[in-house]
Amino acid sequence: MLINETKIIRLEYGEKEAGCCSTHLIEGDGTFNAQGLDNFIKQVKLAECGLSYAVVAIMGPQSSGKSTLLNNLFHTNFKEMDAYRGRSQTTKGIWLARCVGIEPCTIVMDLEGTDGRERGEDDTAFEKQSALFALAVSDIVLINMWCHDIGREQAANKPLLKTVFQVMLRLFSPRKTTLMFVIRDKTRTPLENLEPVLREDIQKIWDSVPKPEAHKQTPLSEFFNVEVIALSSFEEKEEQFKEQVASLRQRFYHSIAPNGLAGDRRGVVPASGFSFSAQQIWEVIKENKDLDLPAHKVMVATVRCEEIANEKYSLFAKSQDWCDLEGAVKSHIVPGFGRKLSSMIDTCLSSYDEEATYFEDSVRSAKRKQLEEKLIQLVHPTYQVLLEHIQLETLDKFKTSLHDALNGGLGFANAARDCSASFIRIFEEQCKDATVKQADWDSVKVRDKFSHDIDSHIAEVRTAKLSELNALYESKLKEALDGPVGALLEGGGDDTWPAIRKLFHHEIKRAVSEFSVALSGFEMDEKTNEEMLLKLENYARGIVEGKTKEEAGRALYRMKERFTSLFNHDSDSMPRIWTGKEDIRTITKTARSSSLKLLSVLAAIRLDEDVDKIGDTLVLALVNQKKETSTSVSLRDPLASSTWEEVPATKTLITPVQCKSLWSQFQRETEYTITQAIASQEANKRNNNWLPPPWAIAALAILGFNEFMTLLRNPLWLLVIFVGYLLSKALWVQLDISGEFRNGMLEVGTLEKLGYYSTKLPL
């Protein structure tokens, strides 16, 4: 029946020893007790031993006292045969126990005896399997044999030795095991005489065992260290037996030290992998396969190292330090991130190294590298988040620093260069601080992106600043040109365009000079500077041209305004009073000539000093037209064209045809003003001429002589006439009759009947 519990008992040999732990490792039917072995390993803390442990196995015929020897030698608690109940099988399968009081940790296996009647003559399969298992996992194999069997050809030890040697050859690259032949119930024959005979028998058996081609000439010493000891009879000489066993026990102390009893230990499996290794070895043996110990060692190392690596990875992923660091990085930059994380990874790898240090080097290193890669993959997203925080925060600080530097009056190029170099250095330092030494992450792409973001922001700010600067000087130019140019155009005369050109060049020169100084801080190439200055000059030109176009669109209004101003105001800008003495014809001619001059000024843009004949053409076609007609026959109308001579179409604002049309409309709309002036002048004349004609005065004097003499004779009438005069004068002044007559007594229709037409007033 499979035993799943560990048995702990206390044994006393003179003085109390520590408790002994044992378990049934393999049942008689070949069932491997994995759970029991795991419990045993935990109980004796075998996994903590690394390579500092030894395994001892004992083989021998059934009922040869193997368990008794082990219990006395190692203070174990294996079940012993009760001699009083007869000789029978006591140990079934393989039992495992810890040796008490021996360092390093030593565990011993008690194998089922060979040549037992219970299994029968032909059932030797389990014997071979258990022997192969013992040789594969043990450092020392005790072969228990009777003294009286030495030298016998058919003794019971010969089948056992054949079994041992045969299964040993099934191990590929086997480990060198110590075979300790324990001669029981030693007789009077000295050991010096027994040992050569035993060694000769062993050599004969080795030579007779069939060997594979690779080991045809291999000596026994390549596979085994052979030791021979002899013990007295336990039953007859118990005290002597115990003394000899106690002396033998001393040889098992420090058995794994150099030149110790445990052999070369080439294929030893680290203690933490012993359970898995033993189970896998037994499965291979049960399947009746040859056991490749090097490959098995690699397999055990692979499984155990992977288990250790997974355990360490899981502990790292769930550790409070890592969780705290990961959580902190999600919200802000963590100073010393790389140092902290590198230390945590180092601790994890060191813990792995500590547990896996005794496993096969190549496997351990490969699994360590895999663990390191998994840890790097685990922390990489957090590293990326940290880099994003560093990038965004540093970029924000760069933007603030650049803004402050520009507001402090530092040139743009210098500010951008200094801030860029400073914050790229800060970014690199922070990236270096975040670097995990175990990882080979390349931050070049992140740095390039950060540099690109800085360059993009610099370009964006440069564009904005240049736009602001350009807008500032455009605003200055607009303020300097728009109003003055409009005023000059409004007063349009012969010196209008020379004055505009002078103003334009002066303002352009001043603006370009100041703009060049401002642009020097940007350290742009000469071509870009020239383009921006040319753009500013073109803008100024556009202001003048736009203002001219605006005024040209209001040409008729400006002409009427000019005409009205000159016609209704004298040279002192005082309003005219049409008393009848003014020469309306001359005034009209002067006002119309000035309006025509304004039209010629607005007809084309003359920012460049080009000579044109627009003014002369207009005067010739519109003012002197009647004179030319009266002297000669005009061949063609100079205004019957859509272009001006020597003036490009791009600079033409009012074409000749449009000028002619505007002039006709201007004349029609100013006729009323002239007519009103004439009517007012005629009315004023009539109002001021209130005396009768001379002939009427002479007739009155002759005919009224008698009445005049009567008045002289009667002064009372003079008083009456004088009072009437005063009353009439007062009434005249009070009613402002003379003022009313200034507007004339006749309507326009009456004047037309009299033949007063403004169109007949020659200019």
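Placed from the backbone N, Cα and C atoms, the Cβ positions cover glycine too.
On a predicted model such as this, the values are computed, not experimentally measured, just so you know.
According to TrEMBL, the protein carries these features:
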BINDING   Gly60, Pro61, Gln62, Ser63, Ser64, Gly65, Lys66, Ser67  GTP binding site
DOMAIN    50-265  domain 'GB1/RHD3-type G'
TOPO_DOM  1-691  topological domain 'Cytoplasmic'
TOPO_DOM  737-763  topological domain 'Cytoplasmic'
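Around Ser64 (GTP binding site), the same-chain residues six or more apart in sequence whose CB sits under 8 Å from its CB are Gly113, Asn144, Met145, Trp146, Arg184, listed in sequence order.
Cβ contacts within 10 Å of Gly65 (GTP binding site), excluding its own Cβ and spanning all protein chains shown: 24. Summarising the environment of Ser67 (GTP binding site), the number of other Cβ atoms within 10 Å of its Cβ, over all protein chains shown, is 22.
Other Cβ atoms within 10 Å of the Cβ of Gly60 (GTP binding site) number 24 in total over all chains. In this model, the topological domain 'Cytoplasmic' (737-763) carries an average pLDDT of 46. Comparing Cβ neighbour counts within 10 Å across the binding-site residues Pro61, Ser63, Lys66, the minimum falls on Ser63.
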